[in-house]
Number of protein chains: 2
Amino acid sequence: MTALPLALYTHAVIEHATRFSNQRIAPVDIAALRENNPEHWMKATAIRALTLDAVAAANSGHSGMPMGMADVATVLFEKHLKFDVSNPQWPDRDRFILSAGHGSMLIYSLLYLMGDKQVTLDQVKNFRQMGALTAGHPENFLIDAVETTTGPLGQGIANSVGFAMAEEIQRAQYGRKLVDHNTYVIAGDGCLMEGISQEAIGLAGRHSLGNLIVFWDNNNITIDGTVELSDRTNQVQRFKASGWHVQEIDGHDPEAIDAAIVAAKKTKKPSMIACKTHIAIGHAAQDTSKGHGALTDADQLAAAKAAYGWPGAAFEVPADIKAQWEAIGTRGAAEREAWEARFAEASKQKQDRFNRAYALDAPNKLSATIKALKKQISEQQPKVATRKSSEMALAAINPIMPETVGGSADLTGSNNTKTSDLGVFDTDNRKGRYIYWGIREHGMASAMNGMALHGGIRPYGGTFFCFTDYARPAMRLAALSKIPTVFVMTHDSIGVGEDGPTHQPVEHLAICRATPNTYVFRPADTVETAESWELALSSKETPSVLALTRQNLPTVRTEHKLANLTSKGAYVLAEAEGKRQVILIATGSEVSTALDAKALLEAEGIGTRVVSMPCMELFAEQDEAYRRKVLPAGAAVRVGIEAAVRQGWDQWLLGERAKPGKSDFVGMDRFGASAPAGELFEKFGITAANVADKVKALL
Amino acid sequence: MTALPLALYTHAVIEHATRFSNQRIAPVDIAALRENNPEHWMKATAIRALTLDAVAAANSGHSGMPMGMADVATVLFEKHLKFDVSNPQWPDRDRFILSAGHGSMLIYSLLYLMGDKQVTLDQVKNFRQMGALTAGHPENFLIDAVETTTGPLGQGIANSVGFAMAEEIQRAQYGRKLVDHNTYVIAGDGCLMEGISQEAIGLAGRHSLGNLIVFWDNNNITIDGTVELSDRTNQVQRFKASGWHVQEIDGHDPEAIDAAIVAAKKTKKPSMIACKTHIAIGHAAQDTSKGHGALTDADQLAAAKAAYGWPGAAFEVPADIKAQWEAIGTRGAAEREAWEARFAEASKQKQDRFNRAYALDAPNKLSATIKALKKQISEQQPKVATRKSSEMALAAINPIMPETVGGSADLTGSNNTKTSDLGVFDTDNRKGRYIYWGIREHGMASAMNGMALHGGIRPYGGTFFCFTDYARPAMRLAALSKIPTVFVMTHDSIGVGEDGPTHQPVEHLAICRATPNTYVFRPADTVETAESWELALSSKETPSVLALTRQNLPTVRTEHKLANLTSKGAYVLAEAEGKRQVILIATGSEVSTALDAKALLEAEGIGTRVVSMPCMELFAEQDEAYRRKVLPAGAAVRVGIEAAVRQGWDQWLLGERAKPGKSDFVGMDRFGASAPAGELFEKFGITAANVADKVKALL
């Protein structure tokens, strides 16, 4: 290959280059790029042309990134990515993650070109339209070949840490014959400016995730202008500071791209390849922030195609180029078949375990294990915090579910997430099933999503419930992307006590419940905690939040029931002794408060039912007959009790045929305070006496 | 000073040291430390002793960090920090931010020792108890000398970027005679592992915030164990990659600390001083994760004090040491007086502007300006998106409020946050009042909190409403800490259209409304947007969220009213023509849908009132008589309309004396989809026709 017009950026690794030296935007000679490697050029330009056409048709989308990264993607798919378009979910495939998800036409173009069954030409033509699989940002729940839903920046790169960890853990569990693949990521400047990227970079470096290869689309452009407007970080130095292998290349030079990937695959460190690219290359908007968005001007589009030497009309790909891409799409078929043959040779037991974990089927034993624990607890009636109850449940579950991987964001002893059998995941113990995530709630949550999406693993991880805030973008994506991640959120109320309002959640139950497709469990004791875990680990498409106490609670489920009562969302825990005049509805730590209030009221002859409501979402899913059984229409006073804001409760207190003017709520309407927990419950009136008073005021 | 036992760590700057070399924990010789500098030692040890006593008395808290950082804090307060304990809010003081807020006894000890009026010995003895100012984590709303509420890790260091920017902007506005101070931060490993720290580091480096000096408490210990469990990042290299000045010192060597601060004050870059310290120094738990928490064992406490050579009983500080500290506390009095003299010499206009901005008083002109804009809009009736309405309001406001500082997280053209008069804040334009925050929603929100807390500035900043998720920890702290930051959140529903569900908020109104002390404005048109801005910029203790549309909306306030109707939270926008049978309640973009539905219903003779409800919190604050006027009890059908989840609406639809069984809600109960906005509103039934149908089904 002769000298490239981008002579500044050779594929030699440039050490210690500063961000600024990177950022001088050299001119680019499209004609030379075409001539230097015409076959590569046309394949890559098919991506560019389809992107321009689809975005123009939609009058919406992001043209520039797929155009700029087309060369990298072409070399990756043509020469490296282990992928078979006929079976895009083959377990030992390489993973490709488009962290810069706004460049979705990159992945749709690739899939269409390779002959993906879902992403047809019609889908490309209907980019971003109602009902199309080709959504504005790539969605894993629409297209099989899309590994993860991206768009909110930084999520893909943090997901990828989970993908890479999952691969390491499964390789250790099943052997290299069955698990041996890489995770490739395309990340943009936006991904790297988001704080979550630092959490991801630190984790990948710490764990020497050598199977992780990140391409940084170093185009120096953001929506507001050049990157320098807001950042001068030397990304090369930053990645190196966390132990990454870093290379800098011209992202339009196929030989440099290939050589960098070869080197990245060899190193035992995670790799970052800084690809100097031109956003919207060849278009009038090249190297400008306008090039980031939707390029829809027909004349400019035609001019760009002319400069490319692209022959086709809109959405037309010349047959020879399409054929070359289809060959790339089937390149991995032989590898897949070889893997299937190796898999067939594995023991039946290994196959079953592998298949069960990938299918997200809980083991048959799970139900019996939970029942046995419940029986024991109902007999022994321990008084423990539900975070401890959770540990007791995990101690029973983890040995029978080798697919669980636990962890905590530096609160292991507080979240009670570590059981003795897990072992610690580390560079010298890839079998370890416990991750010390560090003080990285967001990175943990996002990496857990990646682990679950990788397949074969059921991740759970803990932090304080208040720090749901930090993990929130990833928790939303779990819900949206239908990932059954389990978030173990302890210290779930003012019961936190002395740490004070910065650490006391009051609005977080409402936040989690407001989010579609999320189960929020707030169990009242060890029995309900065990039931919640059973449900969380049986869920295939819905993440679970377990809100658990810091403080000890009595066992309220003192009568053993085989049935998982939590699965109904709410149930009658204690029936009124005389005529039912009152229904108290409570969750978690307030269920025992409700029972105490019932005792006070019954002593005065006021018949009081106590309903435990560990999961509002599951209760809302029940048929009306069941809901009516638990919350009968009409005469009884209803009082809800939860040490949190009222938002979300009115459907049960005012709706569901409640009697007008006959309901109340005992909870929080402000932030908490710093004091011993018991005093706080008194101060804020979350006591049996106050509940009884409120009831009597309504009677 | 003779060689320290920590000989490895001299105060010479160690270039290119790796994190690992830092992390070898050298032994420490307490006796030598005492002997080398006895006077310093006893002053610093007063902090250690008070910390040990207070945590032991509370049986709760974090002992190790204040013990480890006592030397740094002592040198900082004794020799550098411009601070006057008699007036801890003097505007030109240096700011001291304890980002590692769990070490709150550090700041309480310092304040008590110096003679702060609020933090008395009784307060120290009541650490973490009910009603004490000495909360578990430092709270700015309890103690004047506490600059910001910390505890959620990483917030303090990101706040500090805002403090330092505010100082630069105000210095440019008022001159060095009135504004010339530094911002000092103590940050721990937790702060640096949180992703938000990277956003802060990148911003500070980009803007060469030379007045920002961060001490990293490099003690190598987190709650779960040593830092290496979860991170091997070379922090020195990481900070340098973003353009920081970095020094590495022995954090127990007072001369090294002093020399490092002197050097840090000289450089024009932001400074990080890596202080190698021993957590819980001198205690049995030194250098262990146990040392991070509450050290309460009486014998170990006594042994530590003996090793220190500390003479006092619990909570006793020898008079000479107390006197030395009290002298430190008044060290800044002369500087304050000199400043007051300079301030007195400033022009009356300058003084008034300064005082008004610090008091968070809106200018008198604001009300008239908003009224004039409203009148013009009601006449012209433009059809614009409320994000554009917001820009129109800002174009009127910014010229009369020089204290506003705007910005966006790389969505300037989408958030419409930049008005032409602001200028861009940069290293060569400190007068610029617009910040390009980059793709850093979290860092932006936290830094805005810091700007507001610094005083003299009213920050507002924009991103997509969906990315409330990223900013959420800082938005909660704004509410908790009573900071009137304004969050400009555009693209507030499925009206986002083609970008799809990753970018379409459905639960975010509920999330913001669930948070105490937060005004959530969702204006229906330009008039309500202007009213919302007036309220947001008049708030002194409550942050505001402005949820604004991407899509154009008609003007619904076509009749000019002088009164700010949004201040009531909800009001009758259009009265029923005949007998009132229906009340439609809507917010934002759905108000015009409600008006269209009213037209359909009135055409069938169904008298329909439309209530616009731009701010639920303000409506809830009104007296019952007003609420009853807007939502009369009884017969009328009520339907709520909002392109979001129902959570939060039931109080108006089922409560407030609604007629049972006669209400409904038109909104979202799932995530959105990728398609043109108009089609999405049809698909999800958020249309006038569907509203009319629902009403008729209830009649």
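Glycine residues also receive a Cβ, built from the backbone N, Cα and C atoms like all the rest.
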Open item on the list: Quick check: of B:His62, B:His80, which does TrEMBL put in the same substrate site as B:His292, B:Arg387, B:Ser414, B:His491, B:Asp499, B:His503, B:Arg550?
Closed with: B:His62
Task: Further binder of Mg(2+) named by TrEMBL next to B:Asn219, B:Ile221, taken from the candidates B:Asp189, B:Asp253, B:Asp258 - done: B:Asp189
Task: Which of B:Gly190, B:Gly438, B:Gly495, B:Gly497 belongs with B:His102, B:Gly151, B:Pro152, B:Leu153, B:Asn219, B:His292, B:Phe467 in the thiamine diphosphate site listed by TrEMBL - done: B:Gly190
Open item on the list: So if the criterion is CB under 8 Å to a CB of chain A, which of the binding-site residues B:Gly151, B:Leu153, B:Asp189, B:Gly190, B:Ile221 qualify?
Closed with: B:Gly151, B:Leu153, B:Asp189, B:Gly190
Task: Neighbourhood of B:Ile221 (Mg(2+) binding site) by C-beta distance under 8 A, where only residues 6 or more apart in the same chain count - done: B:Gly64, B:Asp189, B:Val227, B:Ile279, B:Asp287, B:Thr288, B:Ser289, B:Gly291, B:His292
TODO: Enter the number of other CB atoms within 10 angstroms of the CB of B:His503 (substrate binding site).
DONE: 24
Task: Winner by Cβ contact number (other Cβ atoms within 10 Å) across the binding-site residues B:His62, B:Arg387 - done: B:His62
TODO: Determine, from DSSP, whether B:His292 (substrate binding site) sits in helix, strand or coil.
DONE: helix
TODO: Could you tell me which of these recorded positions, B:Asp189, B:Glu441, B:Asp499, has the greatest number of Cβ atoms within 10 Å of its own Cβ?
DONE: B:Glu441
Open item on the list: Between C-alpha atoms, which of these binding-site residues comes nearest to B:His503 (substrate binding site): B:His102, B:Gly151, B:Leu153?
Closed with: B:Leu153
TODO: Please find which two of B:His102, B:Gly151, B:Pro152, B:Leu153, B:Gly190, B:Asn219, B:His292, B:Phe467 have the most distant C-alpha atoms, given that the record lists them as binding thiamine diphosphate, and give only that distance in angstrom, rounded to a whole number.
DONE: 34
TODO: Name the secondary structure element type, per DSSP in three states, that contains B:Arg387 (substrate binding site).
DONE: helix
Open item on the list: Helix, strand or coil for B:His102 (thiamine diphosphate binding site)? Use DSSP.
Closed with: helix
Task: Max pairwise CA distance, angstrom, over record-listed substrate binders B:His62, B:His292, B:Arg387, B:Ser414, B:His491, B:Asp499, B:His503, B:Arg550 - done: 48
- [ ] Determine, to the nearest whole angstrom, how far the Cα atom of B:His102 (thiamine diphosphate binding site) is from the Cα atom of B:His491 (substrate binding site).
- [x] 37
- [ ] For B:Gly190 (thiamine diphosphate binding site), write down the residues of its own chain that are at least 6 apart in sequence and whose Cβ falls under 8 Å from its Cβ; none is a fine answer.
- [x] B:Ala100, B:Leu153, B:Gly154, B:Thr222
Task: Separation of alpha carbons, B:Phe467 (thiamine diphosphate binding site) and B:Arg387 (substrate binding site) (Å) - done: 16
